[in-house]
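Residues or ranges marked as transmembrane segment by Swiss-Prot: 10-30, 43-63, 82-102, 120-140, 145-165, 187-207, 217-237, 282-302, 308-328, 338-358.
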Amino acid sequence: MRKSEHKLTFMQTLIMISSTLIGAGVLTLPRSAAETGSPSGWLMILLQGVIFIIIVLLFLPFLQKNSGKTLFKLNSIVAGKFIGFLLNLYICLYFIGIVCFQARILGEVVGFFLLKNTPMAVVVFIFLAVAIYHVGGGVYSIAKVYAYIFPITLIIFMMLLMFSFRLFQLDFIRPVFEGGYQSFFSLFPKTLLYFSGFEIIFYLVPFMRDPKQVKKAVALGIATSTLFYSITLLIVIGCMTVAEAKTVTWPTISLIHALEVPGIFIERFDLFLQLTWTAQQFACMLGSFKGAHIGLTEIFHLKNKNNAWLLTAMLAATFFITMYPKDLNDVFYYGTLLGYAFLIVITIPFFVWFLSWIQKKIGRGQLQ
C-alpha cells in the first residue's frame, strides 16, 4: 500500500474532530446546563462554538506551516528541551484526564443501564483495553473506526430527537435570558468541557493527505458538534423543563425512555440511544488516547511507537485514575476542572508560535 493511502482524507479528519467532540455531553450536558437555572444553554453552546472556531482558525496557520510536525515536536524545537518537556507533559496529562473522564462516564452508564450485575471496574477495564489495542494500531485505523460509528450515531440520535419533538413546549425554554446576563454567562464553565476534543488536531495535521484543508475540516467538525449539542440541549430542556433536568442524572436517557410513538411497536427507544451512545463514547476516547500516546512517545524519545511497556503503563494508569472518583458528583467536579485545563491547553500553540516569532526576529528561528 502506498504511503499516501495511509494519509487521512478531508472527510476522515472532519469525522475524527466531530466524533471526538461528541461523547459524554450527549447524556450529561442538559444536567450541567440546567444546574445554573437558565433555559438558555443552547444559546451558550452556539456562542462557544463560534468562539472556539475562531480560536482554532487563529492558531492553525502555525501548524499548517509546519505540517510535517506534531505540536509535541514543535514544542521541543521552539521552547527547548525543558520547557518543551513541561508543555508536552501537560498536554499528555490533559489527554489522559479526558480519557479517564470519558471512560468513567461510560462505565457508569453501561453499568447502570445495560450490565447491572457486572462490576463497573470490569466494564471500564474492558473498554480501556480495547481502546489501547486501537491506539497501538495507529491514527489511520482509529479514523476507520470513527468512519463506521459516527454516521450511524448521528442518524439514530437525530431520529430519536425528532420523535421527542412531539413533547416539546416552547414555554419551557422561555424567557431566553431568564435570570439576566449573569445567569447566562454562568453557563460558560458548566458547558466548557464538552468542546474539548478538537485539540487532537495538535497531532493530526502531519497525518493529513492535504494539510491545506485542515481549517475547513476543523471548523466544520466543531460546527457539526455545536449544532448537535445545541439541538440536543434545546429539545431536552424544551421537553423536560430546567427544574426537572437538573434533578435527573441522565436527562437525555430519561426523555427517550419516556418516549411513546403511536403506531410503532417498539417500546424501549432508550435502548437504541444507550447502544449507539456506548459505541460513540468509546470512539470519543480514542482520539485523546492516541494524543497521549503520541505525546509520551515524543517525551521518552521512543523509536518503537508501539512500545508494549508504554501501552501497558497507559492502560494501568488510566484504569486506576478512572476508578479514583468516589461517585458521580466527584466525576462531574473533575470534569469542571478539566474544562479549565482545556482553556490552558488551547493557549499552548499561541505561546509556542509567539516564541517562534521572537526567535525569527533575533535570527534564531528554526521553523517556517
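Cβ atoms here come from the backbone N, Cα and C positions, even for glycine.
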Between the transmembrane segment (145-165) and the stretches 10-30, 43-63, 187-207, 217-237, 338-358, work out which stretch tops the count of Cβ pairs under 8 Å. 10-30
Tertiary contacts of the transmembrane segment (120-140) (same chain, 6+ residues out, Cβ under 8 Å): 6-8, 99, 103-104, 106-108, 110-111, 203-204, 207, 282, 285-286, 289-290, 293, 306, 311, 314-315, 318-319, 322-323
In contact by Cβ distance (the transmembrane segment (82-102), the transmembrane segment (308-328); 3 or more pairs under 8 Å): yes
Stretch-level contact, the transmembrane segment (43-63) and the transmembrane segment (338-358), CB cutoff 8 A, at least 3 pairs: yes
Where among 10-30, 217-237, 338-358 do we find the most Cβ pairs under 8 Å to the transmembrane segment (82-102)? 338-358
Residues from the same chain, set at least six apart from the ends of the transmembrane segment (187-207), whose C-beta lies under 8 A from its own: 7-8, 13, 16-17, 20-25, 29, 32-33, 35-36, 38, 40-41, 44-45, 48-49, 52, 56, 60, 63-64, 67-72, 91, 94-95, 98, 101, 139-140, 214, 218, 221-222, 225-226, 229, 284, 287-288, 290-291, 294-295, 335-336, 338-340, 342-343, 345-346, 349
Beyond the flanks of the transmembrane segment (10-30) by 6 or more, those residues with Cβ under 8 Å of it: 41, 45, 101-102, 105-106, 109, 142-143, 146-147, 149-150, 153, 157, 191, 193-198, 200-201, 204, 208-210, 213-214, 216-218, 220-222, 224-225, 228-229, 232-233, 236-237, 240, 245, 250-253, 277, 280-281, 283-288, 332, 335
